[in-house]
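What follows is a single structure, written as C-alpha cells, with notes after it.
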Amino acid sequence: MIETLLPASALAFPAIDPVIFRIGPLAVHWYGLGYVVGILFAWWYGKKLLRSHRLWANNQPPMAPEALDDFVIWAALGVVLGGRIGYVLFYNFSYYISNPLAIPALWDGGMSFHGGILGTTLAMILFARSRGILVWSMFDTIAAGVPIGLGVVRVANFINSELWGRVSDVPWAVYFPNGGPLPRHPSQLYEAFLEGLVLFFVLFVLVWGARKLKQPGFVAGAFVTGYGLSRIAVEFFREPDAQIGYLFGGWLTMGMVLSVPMVLLGLWAMWRANRAAARNA
C-alpha cells in the first residue's frame, strides 16, 4: 500500500553537479570544498575567540591567535587520515583488508566522522603539548567552530546523493538517483540542520552568553555530546551502510554504536569542567 502512495507525495532530486568546476584534469567537488570550508571556518572562528580575552578565565586566552595558523596543517592531516582510517576500520574492514591498495583512494569516497574526530583529537593533543598549551582549552577553541563544517559536508553528501535515508512517505521525501525506485528521507539535510546549525547555535550561546570557555573542557564536552545525540537521532531515519546493515533488532546501527561513547565522554567532560570551576571558585 505504501509503495503506491509514495510516488505522488515525494520530491524530485535537484539536478546539482557534484563537481563545482574543472581545471583541466582537476575537478573540484562540493564534498572536498566542504572539508576546506570547515577547516578554514574553525581556524578563523578560533582566532576570533582567542582575540576576545573576556571569554577566557582571568581574561587570559590559552594561546596566541597566530598559533592556529600553524595548527591548520595538523588539523587537515588529522581530519583526512583519521576519517579515512576510521572508515576502513569501522565500516568496510573486510573489503580493505583484501584490497589494501584501495585504502589511499580517497577519490572513491569513504570517510568516517568518528574517525575524523579521533584523528583531529590526536592532532590537538600533540600540537598543544608541543606548544605548552592547555589541552582542554585547545579542544574548546576548535570544537566551537566545527559544526559549520559538519553542516556544509552534510549538504555536500546530499548533493552527491550519498548517505541517504530510509524509505519514507513524508511529503519531503526525495527520489535519490542511486537510492532505488522509492523516495527516502533526506537524512543528510537532517544532519546538516542538527549537527550544523543547531549545534553551532548551542555552542555560540555557551561561548558568548554563558562564557563557558572559562571552564576548560566544557564547550568541547558540549560539542561531543551534541554531535552524539544528533547523530543517534538521525540514525533512526538514515539507511545503514549496505556492507554492514543493522547490527541488532532491525534498528541498531554502527553510527549509533560509535556515538554512544561520545555522549558519555562529553557528559563526563562537562561534569569535570563544572567540578573544577566549583573547586576554584
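Even glycines carry a Cβ here, placed using N, Cα and C.
Some features that Swiss-Prot has for this protein:
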TRANSMEM  23-43  transmembrane segment
TRANSMEM  71-91  transmembrane segment
TRANSMEM  107-127  transmembrane segment
TRANSMEM  133-153  transmembrane segment
TRANSMEM  189-209  transmembrane segment
TRANSMEM  217-237  transmembrane segment
TRANSMEM  247-267  transmembrane segment
Outside the transmembrane segment (247-267), at least 6 residues beyond either end, the same-chain residues with a Cβ under 8 Å of its Cβ set are 90-91, 114, 117, 220-229, 231-232, 235-236, 238, 240-241
Long-range environment of the transmembrane segment (71-91) - Cβ separation under 8 angstroms, sequence gap at least 6
35, 38-40, 42-43, 103-104, 106, 110-124, 126-127, 142, 241, 243-244, 254, 258
